[in-house]
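K.L.:
Mind looking over this structure? Questions follow.
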Amino acid sequence: MADCAGPSSAGRKAGAPRRSRKAAGTKQTSTLKQEDASKRKAELEAAVRKKIEFERKALHIVEQLLEENITEEFLMECGKFITPAHYSDVVDERSIVKLCGYPLCQKKLGIVPKQKYKISTKTNKVYDITERKSFCSNFCYQASKFFEAQIPKTPVWVREEERHPDFQLLKEQQSGHSGEEVQLCSKAIKTSDIDNPSHFEKQYESSSSSTHSDSSSDNEQDFVSSILPGNRPNSTSIRPQLHQKSIMKKKAGHKANSKHKDKEQTVIDVTEQLGDCKLDSQEKDATCELPLQKVNTQSSSNSTLPERLKASENSESEYSRSEITLVGISKKSAEHFKRKFAKSNQVSRSVSSSVQVCPEVGKRNLLKILKETLIEWKTEETLRFLYGQNYASVCLKPEASLVKEELDEDDIISDPDSHFPAWRESQNSLDESLPFRGSGTAIKPLPSYENLKKETEKLNLRIREFYRGRYVLDEETTKSQDSEEHDSTFPLIDSSSQNQIRKRIVLEKLSKVLPGLLVPLQITLGDIYTQLKNLVRTFRLTNRNIIHKPAEWTLIAMVLLSLLTPILGIQKHSQEGMVFTRFLDTLLEELHLKNEDLESLTIVFRTSCLPE
């Protein structure tokens, strides 16, 4: 027992120093961890204080750059301790206080434009002037952007270990831009873009939906080879390829179905005849037309090889005209450029169709509209104003040859025994020639004899009852009631009259055109305005015959001016009249008209009738 107790007590004595050493190591480790944590905390606090200090210094520099007297050395020194965001704040703050955004400029901002874009007629470009509004000139804007591009973008508190950049300022001799250029459209496709389509796609074209949907074509090469300008090779060079394809298709046809033997033999014959075609002469159409017709008549809609041959022939003729050799294109790139060229072809076709307008048709329509307008305007008072107060027209109407109308039953019915004055006949003749004459003047149908007989009997009965004292008249009471119900209304004044408004519109349109026509006559608009106003007062104006285009108003002014020249005392063979005639001839040539066209419009107001 004693022997057993001895070793156990010795083991307990040996374990006590081991536990004490372990406790001492744990205490020492915790002390080191606390020291590291406090050290890291101190370093973090120092870094935060350093960051705050640099930010405070940068903000102080921003405040200093808001002053007016800034030197170049101070500006380049400040660029080492600020970021582009700080410099942008400087530009904004200076523009708010109406100073130029460039710190070296001491000028004040004038009137700031409100628009966002500016069109430069010098460079034919559109610029975004949002940032340009903060500067007094294009040079200050360019110099400011030049300096801002040199400012480092790294944080200001980590620049101690970096090398400071050498700032440079823009010289005053160099010109600036009006703002940031706006790209209105993509650039045209060049040969270099075709050779390197990936670069072209990144710059000018967004990814299409077909590219994202087709995952199998992602690894496909866009172009097997390039498109090179030059002469096309003869069709004999592609004949072996077509012949080889036809043989391959022939073998596949024998394996699949024996019904295509005749068709394949026809394709081989066509391929051999295609080799004799020459692209640089007109024999191609005559040589290749019959084989193609033979293929089209014998091949069905399911056969693909003849269709490919026809498509290849069409592509050959197109490329022969453009003198471009197509070595090879993948399906993806072919679809891409097919969409591109289709859009350009649509634009060119729309422009060409809009340009191809027959001038003769437009000329006839213009003269027709003006004749109808002048005929509607003309009244009996117009002819009296032009040819005198004692003017009276007789049966002859010169405008009857100009306006051809079909007579209806209302126009045929007339009273040959009527003895109206001459001016009443001319008034009726003018009214009949108007195209907008309504059906209100038509003769009403005669009432039936039975109705007239009944009305006569009723009238006789009323008369008998009235004389017997049994009939009471209700007319006076009804009239008094009507007068009480309806309030009295005043007639329209001249300013509110529709006719006066139309005359004012016509005079306003003519006043814009006549000053240019009066230059050869050496008179002003005020000299003829009274006569023109009196002439317009005699017109019959509606809401439709006063709406015309500027070219039509020019011709109307020429017609009216030629009518007023005798009244103004200007003779046709005088010097002013001859100059005016030559001027009208030149103006008519610019409008693609002749002197006869103007005469056909003027003759509407002239007649072969004699004065009374």
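Our numbering is plain: 1 for the first residue shown, then up by one each step along the chain.
Note: Cβ is positioned from N, Cα and C throughout, glycine not excepted.
From Swiss-Prot, here are the annotated features:
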BINDING   Cys100, Cys105, Cys136, Cys140  Zn(2+) binding site
COILED    33-68  coiled coil
COMPBIAS  15-24  compositional bias 'Basic residues'
COMPBIAS  193-204  compositional bias 'Basic and acidic residues'
COMPBIAS  206-218  compositional bias 'Low complexity'
COMPBIAS  246-258  compositional bias 'Basic residues'
COMPBIAS  294-305  compositional bias 'Polar residues'
COMPBIAS  307-317  compositional bias 'Basic and acidic residues'
MOD_RES   Ala2  N-acetylalanine
REGION    1-40  region 'Disordered'
REGION    193-267  region 'Disordered'
REGION    292-317  region 'Disordered'
K.L.:
Can you count the other CB atoms that lie within 10 A of the CB of Cys136 (Zn(2+) binding site)?
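P.N.:
I get 17 for this one.
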K.L.:
Of all the binding-site residues given, Cys100, Cys105, which residue's CB has the most CB neighbours within 10 A?
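P.N.:
That would be Cys100, with the highest Cβ count within 10 Å.
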K.L.:
Taking the Cβ of Cys140 (Zn(2+) binding site) as centre, how many other Cβ atoms lie within 10 Å?
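P.N.:
Result for Cys140 (Zn(2+) binding site): 21 neighbouring Cβ atoms inside 10 Å.
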K.L.:
Restricting to the coiled coil (33-68), report the mean pLDDT as a whole number.
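P.N.:
Averaged over the coiled coil (33-68), the predicted model reaches a pLDDT of 88.
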K.L.:
Through the lens of DSSP with three states only, how would you label Cys105 (Zn(2+) binding site)?
P.N.:
coil
K.L.:
Could you check what DSSP calls Cys100 (Zn(2+) binding site) once collapsed to helix, strand or coil?
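P.N.:
Going by the DSSP assignment, Cys100 (Zn(2+) binding site) belongs to neither helix nor strand, so it counts as coil.
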K.L.:
With H, G and I counted as helix, E and B as strand and the rest as coil, say where DSSP puts Cys136 (Zn(2+) binding site).
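P.N.:
The three-state answer is coil.
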